[in-house]
């Protein structure tokens, strides 16, 4: 390791901007002669170099990042040239090496490519600045005891070289002064490509390019925004469908494609370590969470399918459906019109099929599944914490929180905040945003979010008005159109209204979502968050709050409001004094909630997969078609990657958001649709492969970034888990027909042989037709009947308490409230007990973390002790002995404290 010691003596300084202000990070200064000798200036026969090469023209220096730009002869063209010149000069001063591909050598004949290489000195300096942990010794902790059932999972395993692309090491934060301590076999491969591009991007995001309008400007993000550069990206190491000819290039992309991104590998485990090595920890933790979530969905899907099949098996024996379908019972019951004037009286048995289908989801298994899902979601979150803790240890992220707070200061914050104040901890001047400015920005941001949420509520009210206004039209069309008579028993006016309204609502949801995404990013940028973490958290909360209302508001309406405030014939309640409130089907509103949930959930998943897979492929195909040739064999690696889509800094944010919204569907309303987890499972199996395929084949390589957890999404999932217990309790109590049936079974049934017989007649109240006001009296003839029935518990017209609620109504209401309280308490007690029983960090991981810290401290002290002995070899024996004793005492104290 002594061969590296000479590098530590080179001078490091901070680059000083032209206005005298300090830049954000240590940068190398190159002398004028070195700066004038640009890399790649020597003659080189490019024909000898493979088009798929990821190296400079010399074939030695690796390309860590690529910038592209196009000559702009229009307005501000000269300004862009000046910005690029200043920016690239500052990159050279920072120690980076550049090589420019002329436009005549590019495939389209108009794009310049600036290739960037970070030499060893830059990498070692910024590895220390970024506190990157690097290997110091191979891990000698014996692996955990093997599972005796491991052989059963062998078909689902990937080869060990894919699952574990590199040995497990003890690591320590890199120190330029202690390079001999680290396990450096080759300088060119010591820092992985993902670490190299992370370091280069850190420099690019903080490198100044001049002063405009009296303000210092810096950062590649601004240069991309104002069009100075058209793209900035690290390179993939090879083509995804074949290995690179140069073995030094690496073939991790090819391995990921063949072992992970193909759909036929859907049953295989994910190579998380390889994903993390190639894309960085942030993307790795997302796929780890998505894979774990999908595994846990399997258990929920199995139980949900069993509950569904229970409903299917017992459907023919459901007494309520039998009575409704019976010609002598349901056929003899005349129901009151479902709308004013235009609607006619109808027979109850016309809802025969819908009542049978309703039993599929509204049965005793619904209660069991609602309780099961309340416990399942707790197990999922608690076991994920354990899985996440294991990944933190394996990926060297145990002490990442402090590092994240220190290193992720946004360049936009530094650029826009011109005022500075002294940090009480570091005693250094830092940019800050005055409190008054923060308050004004927050007020404007909050008002904007409230406006858009109000817009969602207004659109939901518009859909409700649509439901109320078109119901009469559907009823009239189906009554008078002979071609619809064969399916009239299946396609009722209620179902037709519900399906069309759900589809209309889905279209409105997608339109509002498309518009709000751009508004949310704009107002979050306007708030000027201080760190990247703050930026992501604020954007996450805005987007989630909006999408929560956008996607779930219609389901909340059907579950908790529809059919609850309708009044009774002759005294109906009206929206805006014009449209009569909707009634539930005689079999209940649960089947309508199921329809609403299925259309929105399935529609969102189908549209999401189209957006994620088909649109990027079509876009890339079109860009290649517009070029002079379609063949990727004829142009270079940086041009191939340039033709791909940019993943963007918010690419992962939208992936999380999509999955969390899905999580809400399968938890908040799962009591109405036990098959929701099964749909989610099938979607997620496809989602993993679609995400991996598009990331590997359709997108440029993202800049590697660290993350030790799923961030604020964890708190959102916890909140939704608690809310799901409440919503499912209310769905079972108020939306399903379970509680009224149970009350009738135990308190009002008169037939001991068939306790549920007579329930339909008991649940329908009687109305005297002559009591209809003239304004709502149906236009059709009443025939020989003088009364009609409606769904409620009210006294008949000949009772002294005419049309007032009966005692049975209050018994049912009391039973519903008691059920909600009991169910919530039982589920919450079990949830908290399970959460208490399952530790967040496995004991094995805790022991390994302590062991690694102990051994790392021991290694570091042994290194210090050996260095001390070397440095003191020329001093007196007494001084040496004193220094050695002091150092050994320091090591023993550290071991005791550890």
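Every residue, even glycine, has its Cβ placed from backbone N, Cα and C.
Per TrEMBL, the stretch carrying the note transmembrane segment among 397-422, 423-448, 449-474, 579-604 is 449-474. Note on the transmembrane segment (543-560): residues 449, 452-453, 456-457, 460, 463-464, 502, 505, 509, 512-513, 516-517, 520, 589, 592-593, 596-597, 600, 604, 653, 657, 660-661, 664-665, 668-669, 672, 716, 727, 730-731, 734-735 of its chain, located 6 or more positions outside it, place their CB under 8 angstroms from a CB of the stretch. For the transmembrane segment (286-313), the list of distant contacts is 269-270, 272, 275, 359-363, 365-366, 368-369, 372-373, 376, 379-380, 383-384, 387-388, 391, 652, 655-656, 659, 663, 666, 670, 674-678, 680-681, 684-685, 687-688, 691-692, 710: same-chain residues at least six beyond its ends, Cβ to Cβ under 8 Å.
Packing against the transmembrane segment (809-838) from elsewhere in the chain are residues 370-371, 374-375, 378-379, 382-383, 386, 721, 725-726, 729-730, 732-734, 739-740, 742-743, 747, 792-794: each is 6 or more residues past its ends and has a CB under 8 Å from a CB in it. Taken as a whole, the domain 'Anoctamin dimerisation' (55-272) shows an average pLDDT of 86 in this prediction.
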